[in-house]
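**Q** Pulled from TrEMBL, these are the listed features:
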- A:21-38: transmembrane segment (TRANSMEM)
- A:50-71: transmembrane segment (TRANSMEM)
- A:78-96: transmembrane segment (TRANSMEM)
- A:102-125: transmembrane segment (TRANSMEM)
- A:132-155: transmembrane segment (TRANSMEM)
- A:175-199: transmembrane segment (TRANSMEM)
- A:252-271: transmembrane segment (TRANSMEM)
- A:278-294: transmembrane segment (TRANSMEM)
- A:300-317: transmembrane segment (TRANSMEM)
Ligand SMILES: Nc1ncnc2c1ncn2[C@@H]1O[C@H](COP(=O)(O)OP(=O)(O)OP(=O)(O)O)[C@@H](O)[C@H]1O
Ligand SMILES: Nc1ncnc2c1ncn2[C@@H]1O[C@H](COP(=O)(O)OP(=O)(O)OP(=O)(O)O)[C@@H](O)[C@H]1O
Ligand SMILES: [Mg+2]
Ligand SMILES: [Mg+2]
């Protein structure tokens, strides 16, 4: 009777059931079910699929953000990077490349470099991540003034278009991309020494350094990853909207942080998992969608949105005590 | 000293060539960039005429408090004219009054300030915008049906005025039901997201009253992606929307906030400084885009940024005519 | 070596303690001074009464929110709701002061709202052990929504005399700032105020030493809320009216100012004078760049570089 | 006479694991009471119960013979109970005086009365021999001095009961002497003192009564009259102890492992040093003279300069920790909580960290192999507890073992140890000593920085005594004695002070 709970497998099941990521998944499911009763159409397959597709953009941005937060930092430049990615991609179209892959790779390289510069500032200049990435965001605004509106032709990049619109086997390509990225992220995070170094750096950077963790290069890598995934999100969001514009990335800054924390990752670093961020991202788009269909004045909607996040935080976001 | 210079704030003690300050609220968006383009072009012309020698540009990065500080700096550096897109309809009122008291010509355009201590305000009529858009839509759906209303950000006068402008028409047609309203930034992505959610919640939608920016493009994309039929929709002259309009064969109507408001503001400032009388409020008639002239606009599309706005043509004659109106 | 302290009368402890807290921010003070000199050079009108008044007025609200953020960060907290709280303060002031409540009643309403919001946030963060950054993120929507309910679009009014008093040609703002700094020093000299540092840096140790850690942190949130709505009141007076989204930019700017000023994120590190210097630098930067004739692109780039530089240079010197 | 403070039959469990079972202890005025036990026996937990930091699951706490319904830190302070936690309650950014008065500031008009604070703090500081200006931020003090601040802080409250949890573990011999003299004086003034230490000679000298905990159960509560050190150990571990220090003989043919000339790092200035293979080289001296910087500089953790250097055959200094590790250097820090461990991570993860730092970044991990390695290390070093639990759940001594254990799989050529037996119980100390000597015997080098002078005398081939950033003396084995180390550490002219 009680036997299975004490068996090794049973313990693992219990551990999963009581883990933060699972809790967040359960909340998402509960909200979906409740909302389906409240609003017809909410629970339609197409709608849920659309929510997950939207979640993919937040999820991609939040993938890098999760790395950075676990490593003890924070990246406030993700929104600007998403915008830079979506704006600069149309500027790069090469006739020689019919697939559209080359410009995408070039843009991802660019955003990764932006991330690496963040990392350089944090690791070598020892500027606090919040300041470094905030300054970087300001910087990128300047860059945007130069490049924005520079493209006289709409970018018809086949790869980008496919990402934003295709549905192989009924599943949006963006969601497939997210699934692939999630698998890689979870593997890197939890099954490689690199991932372990990140957790160590976040929990206690000094002890990590004294244990031989190459702090500088790991920091660089973490911010580079964040630049990369934000760039990827920019490509996806460009595909979904058919057109980039200044401000296209703005919603993703706070959303990425909220998804990370709602997923149970500690904002203090050293603890957490992307497995929680994934449902966290879906939870956020779900709440936004719910608020949209509620008929209320803007003020009340805003209050409702904040209260929902706060309520969910009570369920899933408790900080563990530390010393 | 010309004691009886005509326009407000003008004392007549300033001599050409003038320094013009452009106090922008946020220079990064494409609309702003295009507007800056028209201002710079106008300033070039005025420079050639020996009327202007310098254009000073500030960018408040979206922060109305910073804009106040920058206008103060313009006053401190004694510019001759300030052209201004206000970050808040109330915040800069006092600093503008200070500038006015110092004899600086102030031309406020696009986003207006609730003060009359300016030389002139230049704008389209937001209320009329809402009214005309509502008229078109209600007409297009045959005077009855279910509609969505997409509006710009909450707490901002322009979006509020446009929305209020639509009220009378809506009231007059009790058979028109408003299913839902949204407030988002004037951008494609948030509009697309919101409309998609509303599509699922509302199986029947007959029309969309969209009150500006790129909101309409987002709505069209949402309908398209969810495999729903396009419905009559209003909008603005965003290039992406105009192209979708043509591509999807929409039943549509659009107006615009012409970017040349900027050029016109610079022109007006110089006219005022030169002692000409300028009206306290220059109402820019709303240029209308419909199926009759959409092709003219699209023919010029390649001259405009892909994420930009295709504005109506302008020249000095137009400016003169606008200034002459009473 | 023991003679240094033992030779002094015991009363001379307060000032040496204050002096030694400066050490981390000296280089920032130098940078700020350089900017001040540059500003004075570019705009000699700064030294006139009204020039100085205007200059302090544009700095004042940022100074207040920098303090509001710094006091939280000293306790190991943070707020992403500073901006909306400023907006709320502004709309309450603009809707009450010209009405039956009058200026006194309106000011009281603004103060009570700030204290109440702050205390409530503090209670949620401290007692429910939720991460401050997301609680205040959620709070920013709630508070911002409340501001929109009170004033759905810019409007309201502030009595003319109050606007003239606070934001006219007299340096009232500067006097107020000095008064607030003195009040802060006074607070820091109370047992509850001083325990901010201990509660932020080492809460367990502080608790075991008998420090009312939770009370100190909740008090910090309340004071922070008060400073934020106070900044809102000032902005309303400065602009003569209320705007429900006027404060938006203050959230990130307050963090930038505090961190520039050497306030650490882990609690207990830094000083208020540093945060004030940080906010002054941010404010000065805008005017100086204007007078240097920077284009918007150059402004963005220079702003990023100055912020990074002001934080990185002291670090560099430490390494050398 | 009623004891000033007592626990009667208290029990405490964490997450269902009993840590204390039916323990009683009574603190009498004018008596120094020793509380002994192995790492993890429950000493700190008992203190936390006595001082109200934790609530007992069962049993009562009594003050002056009256049961206290619910002990809290505030109540404990009112009752005159002061606890010296191990540098746990200090705030780095506050000054010495502000730390000392924390939680009990003298007030005037609702404000902190800085004059009164200065006077009272100064009195407390003088008792413990703290002479730094009272306005010095505590963060600028070395570890040993902070410990003295912590003690001064307890005295400031004029306690009737003074509880000290391993107060001497980071103190040098001189500071320890000041402290023991002080405690003796306080005792004679009628204060009840509870003293926890793993240094048994101190306990023998200072204490009159002992309570011994073993696995959370009280195994002895008796007078120390007529007990010797061996007897104490027997009480603690329940069997006859061997010698604390192992027998060893020097290795025959030492080569040079590390050699530096004109080496400067942190406080260290222009030092020449040769570290030989097969030796344990001691580093002694007063706390905070630069010893730690010497180790960190060699390890590449802080910037260092040198005229010439070879490290395990490679020229030049490592210049960075990963490179130092690659050259076979390993470092175990003194402040295990801040520098040695990741308290919120599992014990296994902590043990595997150096491996993670070295393995190719994207190689797949094997959890099974990690668990097995960790289990092996835990057995080898006698680390108790569930290895999947967080390291912060371990007692101090066991945390130290983890900090050491994590290097073992990497077979370092040179071990740089910064006070590795701080807060470690005798049994474990012996194990560590054996390991160190075995290590040296295997032809590797050990650099042992220690504040425990007997340790240096009994374990090292040579001891470098550091004073003011220089090596004041290099004592060879034949010349090694506690007196020699102490006098070299003080410098000739200061000898009188030490006496
Ligand atoms: N809060 C806690 N949660 C879980 N376990 C704890 C907690 N506090 C103590 N323990 C466990 O209780 C046991 C006793 O710990 P305690 O710190 O009292 O030991 P100790 O006798 O002081 O050891 P040491 O000599 O190493 O300091 C240890 O096994 C420790 O892991
Ligand atoms: N998981 C935990 N949660 C909370 N507190 C814990 C936990 N694990 C341990 N502790 C606390 O930590 C103590 C054990 O470690 P601690 O380092 O405080 O012991 P210590 O004897 O004071 O250490 P040291 O030997 O360094 O002096 C316990 O007394 C307990 O109060
Ligand atoms: Mg202990
Ligand atoms: Mg211990």
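Placed from the backbone N, Cα and C atoms, the Cβ positions cover glycine too.
Since the structure is predicted, the reported quantities are computational estimates derived from the model, not experimental observations.
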**Q** Considering only the recorded stretches A:50-71, A:252-271, A:278-294, A:300-317, state which has the highest number of Cβ pairs under 8 Å to the transmembrane segment (A:175-199).
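**A** Per the Cβ count, the answer is A:50-71.
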**Q** If you count every Cβ pair below 8 Å, which range out of A:21-38, A:50-71, A:78-96 shares the most with the transmembrane segment (A:300-317)?
**A** A:21-38
**Q** Which listed range (A:21-38, A:50-71, A:278-294) shows the maximal number of Cβ pairs under 8 Å with respect to the transmembrane segment (A:252-271)?
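**A** By Cβ pairs under 8 Å, A:50-71 leads among A:21-38, A:50-71, A:278-294.
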**Q** Take the transmembrane segment (A:21-38) and find every residue of the same chain, 6 or more past its ends, with a Cβ under 8 Å from one of its Cβ atoms.
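**A** Counting only partners 6 or more residues beyond its ends, the transmembrane segment (A:21-38) has Cβ contacts under 8 Å with 48, 262-264, 273, 275-276, 278-280, 282-283, 286-287, 290, 312, 315-316.
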**Q** For the transmembrane segment (A:278-294), find every same-chain residue at least 6 residues outside the stretch whose CB is under 8 Å from a CB in it, and list them.
**A** 21, 24-25, 27-28, 31-32, 35, 39, 42, 47, 51-52, 54-56, 58-59, 62, 182, 255, 258-264, 301, 304-305, 308-309, 312
